[in-house]
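Here is what TrEMBL says about this protein:
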REGION    1-22  region 'Disordered'
COMPBIAS  1-21  compositional bias 'Polar residues'
DOMAIN    28-142  domain 'Tetrahydrofolate dehydrogenase/cyclohydrolase catalytic'
DOMAIN    161-305  domain 'Tetrahydrofolate dehydrogenase/cyclohydrolase NAD(P)-binding'
BINDING   G187, R188, G189, V257  NADP(+) binding site
Amino acid sequence: MPAPQHSTLSETSTATPSIPASGTARLLSGAPVAERILADVATRVAALRARGVTPALATILVGDDDASAGYIRIKQRQAAELGFASPHEHLPATATQADLHAVIDAFNADPDVHALLIQYPTPRHLDYDTALQRVDPDKDVDGMHPLNLGRLAAGMPGPLPCTPAGIEALLAHYEIPVSGREVVILGRGATLGRPLAMLLAQKRPTANAAVTVVHTGVADWPRYTRRADILIAAAGVPGIIQPEHVKPGAVVVGGGVRYEGRRLLPDVAEECAATAGAITPRVGGVGPTTVAMLFRNAITAAERRFT
Ligand SMILES: NC(=O)c1ccc[n+]([C@@H]2O[C@H](COP(=O)([O-])OP(=O)(O)OC[C@H]3O[C@@H](n4cnc5c(N)ncnc54)[C@H](OP(=O)(O)O)[C@@H]3O)[C@@H](O)[C@H]2O)c1
């Protein structure tokens, strides 16, 4: 299973949304969606604190990567603003898998820690997926533990993968009808495409779609994307979605991105704004909703312990 990446990529949320080059498409900015979700999280945190419980989102950072350390700082700051405690363990770059597991085990066993995040990526010599599998599934704030993906597949409650859940929330916020409509997802990755397909096919007013997933095994994938009412890019191939792949007036959501250094290269070409009816901005679309979902998973995990 490829390692989840949203703990890193979600930091796009702090950037200013850009306006599509020449398009007339409605811009689906993630910021107001995230604001609404985080306002709800803050209210729920306050309610728990009023009962004498401080919800805690623990974080683990391994190594000295500046970007990762910065991302952790942003999350800790945001956690504090929302009223979470955020205990943190910083392991050296030389830490072994056993060292990492020992820290995870300690947070798992700590009744005052309700949610746990391991900053991705970990140094190359460590196996992130194995570490993730060691996290107590009920504290899995990324919603990427195999048990939670299984819960999603089975329609059972549990923390949802943040980026897919954020995309559902984005569509719902902008009152884009999803139920009964044709959704095409380009990409079947474990982080985004696959869980998103499961989520949007669920029987729920904000989902309930006819979902098609295309990938490298579908050579003529544009045939599918061109008929999509809602097209979601989840490939991680810069510019793979061009205007000719988009049905005029369709909703286009850009989830896939690649980083070259600090430069973010999205799957969706900016020119698609001229064809789409609504589109996420190049920066500040899916990212902010991903972060918001992380905190929603954290407060839900804390609440679950006291109900
Ligand atoms: N914005 C955010 O906050 C956020 C959060 C999480 C992830 N992401 C991004 O979402 C993207 C997907 O992540 P992931 O881990 O789920 O993906 P992944 O495991 O890298 O999978 C990518 C998928 O795209 C398909 N694909 C790649 N090139 C293709 C091509 N030329 N034609 C057709 N299909 C192609 C692959 O097909 P095969 O299966 O056939 O190889 C695969 O299914 C990444 O760019 C990631 O960075 C963004």
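The backbone N, Cα and C atoms fix where each Cβ goes, glycine too.
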Give me the non-local Cβ neighbours of G187 (NADP(+) binding site): same chain, 6+ apart in sequence, Cβ-Cβ under 8 Å, ordered along the sequence.
G193, V213, H215, A233, A234, A235, G236, G255, G256
In the domain 'Tetrahydrofolate dehydrogenase/cyclohydrolase catalytic' (28-142), averaged pLDDT is 97
Site of maximum Cβ density within 10 Å, from binding-site residues R188, G189, V257:
V257
Its residues classified by DSSP, the domain 'Tetrahydrofolate dehydrogenase/cyclohydrolase NAD(P)-binding' (161-305) shows 51 helix, 30 strand, 64 coil
What is the biggest Cα to Cα gap, in Å, among G187, R188, G189, V257, the residues listed as binding NADP(+)?
14
Taking DSSP states H, G and I as helix and E and B as strand, how many residues of the domain 'Tetrahydrofolate dehydrogenase/cyclohydrolase catalytic' (28-142) are helix, strand and coil?
60 helix, 17 strand, 38 coil
